[in-house]
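First the structure, in the form of structure tokens, and then the observations on it.
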Amino acid sequence: IAATQPSTNWHLKENARDHHTSKFSSKELIVRRGQAFIVTFNGTEQPEQNLIFIAETGPKPSTLAKTQATFGISSTVSKESWSAVLQSTSSNSVSISISSPPNAVIGRYKLSVQSTTSDSSSPANLGTFVLLFNPWSSGDDVFMPNKAECDEYVLEEFGIIFAGNKSHINSFGWNFGQFQDDILNICLSMLDRSLNYRQDPATDVSHRNDPKYLGRVLSAMVNANDDQGVLLGNWSGNYEGGKSPSSWTGSGEILQNWKKSGFKPVRYGQCWVFAAVLTTVLRCLGIPTRTITNFSSAHDADRNLRVDEFYDASGNHLDRAADSIWNFHVWNESWFSRSDLGPSYSGWQVLDATPQEESGGIYQCGPASRNAIKEGDVDLDYDCPFVFAEVNADCMYWNYDPATGKKTLIFSKSTVIGQFISTKAVGRDDRVDVTNDYKYEEGSKKERDIFKKARKKLGLEDKFDPTAPTPQEIDQKPDISGKFKVAGPLEVGKDLNLILVLANLQSDAKTVHVNMTAWSTVYTRRPVHEIWKDSIPVTLSPKEEKQFPIKISYTEYQQQLTTDNTIQVTALCHVEGGIQVLVQRDITLDNPAIDIQVLGEAKVNKEVDVEVIFTNPIDTEVMDCVLQVEGNDLLRGVLEIDVPPLKASEKSTTKFKLIPFETGPKHLLVNFSCDKFADIKTFKMVNVID
């Protein structure tokens, strides 16, 4: 090897095309494991058969830990180890094709070359490259045979996240932005800031060939608990000192802010923000990943597959239990094989970065095999009991008297939890329901058998539980039934009109005292502010049904509403001589609409005008209006525009310019906020042409 530093041609364009890494905007070579890439270098005077290559990663590269590989030129590619095959030579340069094994450690590598015959023993540095997981390669743990799914779950930067509640599903766009400038570096520094790396860097790096290891580590790093990770969670309804969780439109800004602040946790996240950031990081590293929304999601804090909710005599939902039922919860599924559990547990794996319960002493969750959840195999790694409960727990509703501490069961339900489990369709902006992949049909014998199997594996069948209701309590039959019906639009800015319908199920008259409350909540159904209360005496003649209209005016709820636009309405019916009946409904109010118009054709490197139109629907002025806009390949970073105040019913048109820098279908995401409406979101597909 000549004394001069060899110059290296990494063939960035060709290698990136072959390795599905063209979307990264990096000057560094980024390739996928288990697949060959070409390198040409000059400055070697040696015959090529005398060349030895060294690829190494991490702080203490070692052959034993598989973080260092030394290999010469061979005539064929090895499946088990790193290898180099000669492509061509000229008077002063050599082109070689380097292949890594399909189970190589991922991360940033240094490549150097050495001559076997040269006296100087120090190798010449050819430079660095980054190695990623390879879902296109059949030998990889993350291999995904369907190419359209690889495109969606690894290469797609736009996503749709489902929210709302089970009777009112809504959705919003998200910019994952996994190929934006510097995101890959931030993902790699996340790994180097994990607790595992801090405790034992060399061992941590040697495990980075394993998607289940990385998924678990990153589920801990996306939340700030334990490790100064990326996002600080906040479910209080008060988001001072940070950005409200519902105001984000993409992961890029969050990850960039984390790095810019010297890796201080970004304020604030809630479940979909944690899940979206984890999607970005895993897709960036090459692990196929998607977000999943579970409606009526149980948070079972005590591993008894039961969720307890408490109400006082006035019908107030008491915030006194560790358990809760969220209107919705968002987690992730990543696709990889489970050599630790066996082939029937491979495929989609649940990971959850929202800090809910500790696992192994820190806030992390998964990977839990989705097949294990469906079959009730809750004894398998990792965190299957918690995930099983999220989609299957039984619900118990109790009346609790704070004065005496006495609790009485109102009723129990086994079919409430885990509904309309949703994810975005492959290649389309539609919702796909995956509930049947998590459990057998509610109410079927198979579903109850699996539930019993899970209880048995957790040792719940055999031991007496003093907190559980008695069989007599569970079997008691109410004398009346009730429900809330919606009678009018569910929109922020309009009065909320409901009808309480009560029906006497018996053939004798009933006297009922009804205590009603309405509270604003966050989406976890945690009560925040009381909005309204009322109580009415009701007499029902035999088999009679009566309707009671309820009106909660906009002025009553406007000040109390959280950014989630959710209200919980409850009626606790005290039936004389019978058991209490609880009627409740969770209402999600829709924000007013906002519209995006692209004026003219969007062409690469040409200015195009966009306008965003919003009409103030209420009869008072709205102020502090801010528009934020982002979209991959349409603009860099996030554009913030202050919009002047809008009088009652006034329409505003906000114009701005884009200069798209890539062709193809792109998504523009918009978020509009003001003092009366939080985070009105929409997105528009923009087709950019040459």
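Quick reminder: no glycine exception, Cβ is built from N, Cα and C everywhere.
Taken verbatim from TrEMBL:
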- Cys271: active site (ACT_SITE)
- His329: active site (ACT_SITE)
- Asp352: active site (ACT_SITE)
- Asn392, Asp394, Glu442, Glu447: Ca(2+) binding site (BINDING)
- 263-355: domain 'Transglutaminase-like' (DOMAIN)
### Rounded inter-Cα distance in Å - Glu447 (Ca(2+) binding site), His329 (active site)
22
### Message
On a simple 10 Å Cβ count over all chains shown, which one of the recorded positions Asp352, Asp394, Glu442, Glu447 is most densely packed?
### Response
Asp352
### Message
Checking your reading of the structure: which of the recorded positions Cys271, Asn392, Asp394 lie inside a 10 Å Cα sphere centred on Asp352 (active site)?
### Response
Cys271
### Task
Please report the number of other Cβ atoms within 10 Å of the Cβ of Cys271 (active site).
28
### Taken over the domain 'Transglutaminase-like' (263-355), the model's mean pLDDT
96
### Task
Within 10 Å of the Cβ of Asn392 (Ca(2+) binding site), how many other Cβ atoms can you find? Include all protein chains, please.
24
### Same-chain residues at least 6 apart in sequence whose Cβ lies under 8 Å from His329 (active site)
Cys271, Thr293, Asn294, Ser297, His299, Thr354, Glu390
### Query
Hey, for the Ca(2+) site built from Asn392, Asp394, Glu442, Glu447, who else sits with CB inside 8 A of the CB center?
Ser414, Thr415, Ile417, Gly418, Lys439, Arg448, Phe451
